[in-house]
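Report on one structure; see the data block that follows.
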Amino acid sequence: MQQIQRDIAQALQVQPPFQSEADVQAQIARRIAFIQQCLKDAGLKTLVLGISGGVDSLTAGLLAQRAVEQLREQTGDQAYRFIAVRLPYQVQQDEADAQASLATIRADEEQTVNIGPSVKALAEQLEALEGLEPAKSDFVIGNIKARIRMVAQYAIAGARGGLVIGTDHAAEAVMGFFTKFGDGACDLAPLSGLAKHQVRALARALGAPENLVEKIPTADLEDLRPGHPDEASHGVTYAEIDAFLHGQPLREEAARVIVDTYHKTQHKRELPKAP
């Protein structure tokens, strides 16, 4: 099992555990520089990111805002901007957390796009949903929500000449816990390679309030299971996932779940197949 852990960690470019606050600050600096270089390479000056109220988008948003602020200071070009986007489906259960995230990030610009009408309009036109059991239909519509959010972010980025930031990190990547061509679609993923507790460490160091740093993670895509915790979907805890990624001991059953899920979701981490 240890060899499998090492192979998967290498494939996901998992970063080693932080040993000190200096390690955390080094990762923050590295990832801000990465964001800045992505903008320079693309010849663009705008970043777009959906803010959900969870620690992942909060952390990515804090990094993005710092990146453009530093670029403005370094270059004197005030055109560098970060647009934080709220993408609620009707009324979001944890909207207060989303608003607290926005207040923490203090993005250059905030936009809100309620995806409810678009999701409902599309669902009503899909004959494939007819006759499905409620749980299956709810799951499919949940993925529609994630993909409509992607469409909205890319529309804003296209209109404003920007790049879309993703929030994927190693603990989600290993479980394939994202919607293919939904929240998995982005131009840059500045949290890539980090375990979940490392994302929290970055958030904490960037000044995020503790209640948001330690908030129970939820994708919150299904109407029939609002606020359903990620860990309940995984069947393992983030602590166990992080331990697996860092080659540390964990329950045999938990390790088996992670490995099986990793292989089952491999298609999500690959480019489309071609002949």
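In case you wondered, yes, glycine gets a Cβ from its N, Cα and C as well.
Among LYS40, LYS180, LYS196, the residue that Swiss-Prot places alongside GLY50, ILE51, SER52, GLY53, GLY54, VAL55, ASP56, SER57, THR167, THR218 at the ATP binding site is LYS196. Taking the Cα of THR167 (ATP binding site) as the reference point, the closest of the binding-site residues ARG147, LYS180, ASP187, HIS267, LYS268 is ASP187. Counting neighbouring Cβ atoms within 10 Å of each of the binding-site residues (GLY50, GLY54), the lowest count belongs to GLY54. Comparing LYS268 (deamido-NAD(+) binding site) with THR218 (ATP binding site), their Cα atoms are 19 Å apart once rounded.
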